[in-house]
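J.: The structure's right below; bear with me while I get my questions together.
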Amino acid sequence: MSAKKKDLLSSAMKRTSEWISSQEVSSDVTVHVGEASFSLHKFPLMSKCGFIKKLVSESSKDSDSTVIKIPDIPGGSEAFELAAKFCYGINFDMSTENIAMLRCAAEYLEMTEEHSVENLVVRAEAYLNEVALKSLSSSITVLHKSEKLLPIAERVKLVSRCIDAIAYMTCQESHFCSPSSSNSGNNEVVVQQQSKQPVVDWWAEDLTVLRIDSFQRVLIAMMARGFKQYGLGPVLMLYAQKSLRGLEIFGKGMKKIEPKQEHEKRVILETIVSLLPREKNAMSVSFLSMLLRAAIFLETTVACRLDLENRMGLQLGQAVLDDLLIPSYSFTGDHSMFDTDTVQRILMNYLEFEVEGVRLSNNGVDLAGDMERVGKLLENYMAEIASDRNVSLQKFIGLAELIPEQSRVTEDGMYRAVDIYLKAHPNMSDVERKKVCSLMDCQKLSREACAHAAQNDRLPVQTIVQVLYYEQQRLRGEVTNDSDSPAPPPPQPAAVLPPKLSSYTDELSKLKRENQDLKLELLKMKMKLKEFEKESEKKTSSSTISTNPSSPISTASTGKPPLPRKSFINSVSKKLGKLNPFSITPYNGRGRTKPPKDRRHSIS
């Protein structure tokens with residue numbers, strides 16, 4: 001049919017539709033759309049809707065009135081009403097709120113050029129291309145409305161066009177986008193500068209209305225156009241805060257969430273974690289801690305939780321105490337309040353990153369300061385969890401063993417944690433109290449801490465004697481230094497190290513790094529051994545066969561402390577201790593060196 005004939009036919013149909021409306025001709029077709037019913041006329045509908053034309057021709061011709069049902073039209077009765085108005089020539093407004101359902105309904109009803117000139121499909125496409133997809137906020141609105149119109153919105157490529165328009169315009173608006181990729185080595189420096197003053201673009205709040213799958217596709221399209229991944233941090237933070245709102249991740253109450261809603265939030269969280277920037281300092285530790293709490297609460301995949309733990313370990317030097325106080329979310333009374341196992345894994349990750357940083361960087365001052373901050377943080381954390389009576393001795397000692405020895409200038413923080421733990425667990429045996437007190441080096445206690453420890457009746461006698469002995473040695477040294485204080489030697493010119501001494505220093509630093517590596521390997525083996533022992537205990541307790549009284553489990557049930565056993569870890573530790581020719585004390589499994597005994601003043 002030629003274009004001229006189509007125009008003539010369209011004009012005739014329009015005049016006929018207007019005449020039907022003006023003369024109030026009785027309806028001859030009833031259309032049921034969901035729960036709504038429309039009494040209409042066949043001619044205006046069939047002249048523009050190929051789908052209705054098929055339904056009318058297939059219906060019975062005997063009856064004067066035809067009844068047809070359209071149960072699954074996109075947009076429901078609202079969309080069909082607008083399409084019917086278009087068929088009758090009644091004016092209505094197209095907007096960003098209704099253009100998505102109009103376009104999908106027109107596709108469903110087959111309102112194409114084959115049936116009428118300038119039909120609804122063409123009119124809707126013109127509005128999309130000329131108005132809706134020309135602004136960022138309108139494109140986001142159309143995409144949001146299209147989420148309820150799948151799969152037909154995908155078929156007409158409405159979703160993909162909206163996503164492409166959003167990605168293009170966000171890259172034009174934001175300063176995080178550059179067509180050429182910058183040097184990857186400079187990423188960390190840039191992120192450190194951005195993290196101090198995070199920039200949130202005006203469109204970030206608009207993106208939070210999207211469903212998680214649409215949100216993910218938009219961010220991926222933005223990165224494909226050159227948007228820097230570390231610039232997505234504020235956007236992800238806004239989306240997570242809005243979508244995960246209402247979760248009881250800071251309390252210890254029972255879960256108050258429906259299974260369906262829990263599944264939806266779990267998918268949202270796992271997707272957000274997969275989109276997090278890989279650069280260091282791109283996200284704050286507090287935000288990562290919030291995500292980790294939610295991941296434990298929602299029981300996400302293990303990979304999701306381990307990813308968050310690795311990220312927190314990488315930035316542990318920036319954390320505060322509240323970031324580590326993660327509830328255990330165990331709803332039985334025999335579990336500790338805080339999840340110490342998670343913190344233990346975070347600290348393990350931190351130690352691995354620090355060892356790798358020592359190898360790759362010569363800036364030892366920054367690493368030492370960072371490690372000192374982590375040491376103080378862990379001491380405060382241990383003091384916080386020490387008051388919990390459900391924290392076992394094994395967990396308390398295991399955490400203390402992981403605190404780097406070089407990070408603790410004084411032992412006051414560890415003494416405070418030990419004292420709180422002894423006060424909260426008054427029924428411990430003498431052997432157990434000695435184990436707890438062996439975590440601190442009495443030689444590094446300050447004068448105030450020594451004065452408190454000397455009068456602390458919760459400490460074992462041996463520990464009090466050590467404190468008094470070292471305090472006596474300190475006073476004796478101070479008196480000797482005051483009486484025999486020589487004149488300061490004249491300043492000497494800086495001497496250049498001889499080649500032999502320089503090589504000796506290099507060898508010594510190399511051996512120190514090797515010792516640190518061996519410590520980490522031992523800690524990993526201990527963690528694996530503890531997990532294996534926990535699994536074997538669970539299997540033994542669940543079996544119906546009676547346990548052998550001589551087994552370690554039956555010994556623990558009698559209430560008596562188990563005898564020390566020779567394990568593979570202990571044997572490896574003793575062998576590794578002999579590898580160091582410079583008498584650098586290797587990691588002894590407790591994170592502390594025992595004070596040397598003075599045979600003339602030994603009391604034990």
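Just so you know, glycine gets a Cβ as well, placed from its N, Cα and C.
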J.: Pick from 60-81, 478-499, 500-521: which range has region 'Disordered' per Swiss-Prot?
T.: 478-499
J.: With DSSP, how much of the domain 'BTB' (27-96) is helix, how much strand and how much coil, in residues?
T.: 29 helix, 14 strand, 27 coil
J.: Residues with Cβ closer than 8 Å to the Cβ of TYR415 (phosphotyrosine), same chain and 6+ apart in sequence?
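T.: The list for TYR415 (phosphotyrosine) reads MET440, LEU445, ALA449, HIS452, ALA453, given in order along the sequence.
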J.: For the domain 'BTB' (27-96), report the average pLDDT of the model, please.
T.: 84
